[in-house]
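Down below is the structure, laid out as C-alpha cells.
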C-alpha cells in the first residue's frame, strides 16, 4: 500500500539513508557512490535498456520538439541558473563572495539537466501517455551531450587565466563534435553487432553476449574521447535491434529482453540506495541562502523555459501541447544521480566549494524525487491527463497506421513537399535495397518474412505427419493441404481451435507488421507545369464551344419569336389547322400517307424544337395504311430522348438528310386564319 503513494525511487533512497545511518552508528565509514563506479558500471545498463527498446516511431515523430527541449532548454537552464546564482553569491555575504562566475556556470550546467534514471523510475509508475513520456524521457537522454560539453568547458575555463572569444567559439563547436561524434560511434558499433549476428546461427548461446559487448564498447569508446557515451549507447541500440532480431533465435531475443530489464532494475536500485548512503556518509556544508536560492531558481527556470519553448514549438506542431501537457513537462523535470556524480568528480584544488555544491545538489534531488515524484500521480489524476494505453494495438490498427503513412507519403510526393514521411520512405527503401542484404543472413533479406514463415509452418506440419505415421512417404512437391486431402481425419462435431501462446501470438503480430503492403516505387514527382498535354483536350474544347454557341442561338430565337408554339391537339383540330393552309400542307396525289412530325417535349415553347425526324410512311413494310390511320391525317409524336453519352449537336439524326430537311416546317405560325365573323367554319378536308 505504501508503494501506491510513494514512488519506488523514494523508498530506495529511504532504505539507503537507513543503511548509511546504521553503518555510521556502528562506527564504520559508509561507502560513497564514486563517480567511476556510477559512470562505468551502473549507468550503462539503464541507458542501453532505454535505447534498445526505445519507441522509435514516437521518438522520430517528436524529434524536433525533443531536441529543442534538450538543447535550448538545457542551455537556458544552465545560463539562467548560473547567472542568478552568481548574483546571489555577490550579494550573499562573506561566505559566498569568493565563488566566481565560471564556478556558478559550472554548477548551473550540472544541476540543469533532467535525469533519465529518475524520470524512468517515476514516469513508468504513473503510466502517463506516450507523447508526454517520450518528450520528457527523450529530453533526459539527449541533454547528456549539452551537459557533457558545458561541464568539460567550464571545468577547463576555470583553469585558464583568461578566456578569449576563440575559446568560446571552439566550445560552441565542441557541442556538435560531442553529440554527433557519440552518435557516429554508436552507429558504427551497432552495424558491427548486426553484421556479427549474421554468423551466429550455429552458436545460439553467445548471441545475447554480442549485444551487450558491442553496446558497452560503444559507450567506453565514446567516453574515451570525451564524447557523449549516452548518445553512443542509444544510437547503437536503435541501429542494431532490427537486424539483430532478424538473425538471432527467439530464445536469444527473450534472453536479451529479460536480462536487460533485470540489469537496469538492479542498477537503478543500487543508484538510489547509494544516493541515500552517500547523503549520510559525505561531507556537507550547509548554506541556507545558497541552497534555497538553488531550489527556487531551478523551479523558476524550468517553468519559464517550458512555457516559452512550448509557445514557440506550438507554432509548428500539428498536435499542440496543451496547458496540462506543459505543466506535466515542467513538473517532470526531475534531477538524479548524474548530477551528484558529476559534482563528485570536481577537483578540490580548483573548486574548494565542492561540498556546498554537493549539499545543494542533494537537496534538489531529494525535493524533485520526493515532493514532485510523490505528488505527480495525484496531479495527473486531478487534471485528467490521458493515460497510457495498456492493451497492445490490434492488427487492424497496425494496418490502418501503415496505410495512413503510405497515404501521407504519396500526398507529400504529389505536393512536392519533402516532409518526414518522404525521408522515412527514402530511408526504408535504402535499407531494404542495400543494408538488409549485408546485415541479415540467409533468405530473410530477400523473400518476405511472411512467406518464409509459411514455408516453415508447412515443413513443420509435414514432419509431424511423417512422425505420427500418417503417411509413409511424402513427395517433395506435395503441400500439406494436399496431404490432408489424401488422408483426411474425422473431425469432431465441435472443432476446438488450438490456443496460441503469447510468444507465438507476438511472433505472428511482428510478421504481419513487417510484411504489410509497401508503397509502390515512385517514378517521378510532377507538378502542374510539367503535365503532359492531353491530345483529346483540343477536340473537347471545340465541342464544348459548339454546344455553347448552339445554346446561345436557341436562347436568341426564343427571345425573338413572340408567337408561342401550339400544344398537342386532337386529330380533329390538327386536320382543321392543315385545312386552313391547303397549299402548304395538302399531300400530293401520288403520296400514300402523311409524314409524322416529332415534337421535342423538353421545350415545347421553342419553334426549333419541332422537327420532322421520322418521315417513314405509316404503311411501311408494304402494308397498306389502315382506315383509322388514314383518317387521323398528320400525327404528332414526342421525340425520344437521346441516349446518355451521345452528342445531340454532332450526332446526325434520322431527319438530317437533304430530302428530309426540305420538308421541315415551322409550326409556330400556321398561316392566316379566318375570323369568326366571316362565317367560314373550320371544316376538315374531305368532309
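FYI, residue positions are counted from 1 along the chain as it appears here.
Backbone N, Cα and C atoms are what each Cβ position is placed from, and that goes for glycine too.
Curation plays no part in TrEMBL annotations; they are all automatic predictions.
Residues or ranges marked as coiled coil in TrEMBL: 502-529.
Taken from TrEMBL, the feature domain 'Cation/H+ exchanger transmembrane' applies to 6-380.
Summarising the annotation, TrEMBL assigns domain 'Sodium/hydrogen exchanger regulatory region' to 478-562.
The region 'Disordered' annotation in TrEMBL covers 583-687.
Feature annotation from TrEMBL assigns transmembrane segment to 6-25 (among others). Beyond the transmembrane segment (6-25), the same-chain residues lying 6 or more positions past its ends with a Cβ under 8 Å from any Cβ of the stretch are 118, 121-122, 125, 268-269, 272-281, 366, 369-370, 373-374.
Nonlocal intrachain contacts for the transmembrane segment (37-54), taken as residues 6+ away from its ends with a CB within less than 8 angstroms of a stretch CB, comprise 116-117, 120, 137, 141, 211-212, 215-216, 219-220, 223, 229-230, 233-238, 241, 256-257, 260-261, 263-264, 266-268, 270-271, 274, 337-338, 341. Among the features that TrEMBL reports, transmembrane segment is placed at 37-54 (among others).
TrEMBL lists 66-89 (among others) with the feature transmembrane segment. A Cβ distance under 8 Å defines the sequence-distant neighbours of the transmembrane segment (66-89), meaning residues of its chain 6+ beyond its ends; these are 59, 96-97, 99-101, 104-109, 111-114, 134-135, 138-139, 141-143, 146-147, 150, 289-290, 293-294, 297-298, 301-302, 304-306, 309, 312-313, 329.
Among the features that TrEMBL reports, transmembrane segment is placed at 101-122 (among others). Long-range Cβ contacts of the transmembrane segment (101-122) within its own chain (Cβ-Cβ under 8 Å, at least 6 residues beyond either end) map to 7-9, 43, 46-47, 50, 74, 77-83, 85-86, 89, 136-137, 139-141, 143-144, 146-147, 150-151, 154-155, 157-158, 163, 230, 268, 271-272, 294, 298, 301, 332-339, 342-343, 346, 351, 353, 357, 360-361, 364-365, 368-369, 373, 376.
According to TrEMBL, the feature transmembrane segment maps to 134-154 (among others).
What TrEMBL lists as transmembrane segment is 166-196 (among others). Residues 145-146, 148-149, 152-153, 157, 160, 210-211, 213-215, 217-218, 221-222, 225-240, 243-244, 247, 438-439 of the same chain sit 6 or more residues outside the transmembrane segment (166-196) yet have a Cβ under 8 Å from a Cβ within it.
Here TrEMBL flags 216-239 (among others) as transmembrane segment.
Sequence annotations record features per position, and here TrEMBL assigns transmembrane segment to 260-282 (among others). With a threshold of 8 Å between CB atoms, the same-chain residues lying at least 6 positions outside the transmembrane segment (260-282) that come near it are 9, 12-21, 23-24, 29-33, 38, 41-43, 45-46, 48-50, 52-53, 117, 120-121, 336-337, 340, 355, 358, 362, 365-366.
According to TrEMBL, the transmembrane segment annotation covers 288-314 (among others).
Residues 32-35, 38-39, 42-43, 69, 107, 110-111, 113-119, 122-123, 128, 132, 135-136, 144, 147, 151, 271-272, 274-275, 278, 298, 302-303, 306-307, 310, 354, 357-358, 361-362, 364-365, 368-369, 372-373, 376, 379-380, 383, 385 of the same chain lie 6+ residues outside the transmembrane segment (326-345) yet bring a C-beta within less than 8 angstroms of a C-beta in it. Feature annotation from TrEMBL assigns transmembrane segment to 326-345 (among others).
The transmembrane segment annotation in TrEMBL covers 357-380 (among others). If one looks beyond the transmembrane segment (357-380) by at least 6 residues along the same chain, the residues whose Cβ comes under 8 Å of a Cβ in the stretch are 5-7, 9-10, 13, 107, 110-111, 118, 121-122, 125-126, 128, 275, 279, 282-287, 290-291, 294-295, 298, 327-328, 331-337, 339-340, 343-344, 346, 351, 387.
Residues 64-65, 68-69, 72-73, 76-77, 80-81, 84-85, 88-89, 92-93, 96, 107, 111-112, 320-321, 325-326, 329-330, 333, 335, 356, 359-360, 363-364, 367 of the same chain lie 6+ residues outside the transmembrane segment (288-314) yet bring a C-beta within less than 8 angstroms of a C-beta in it.
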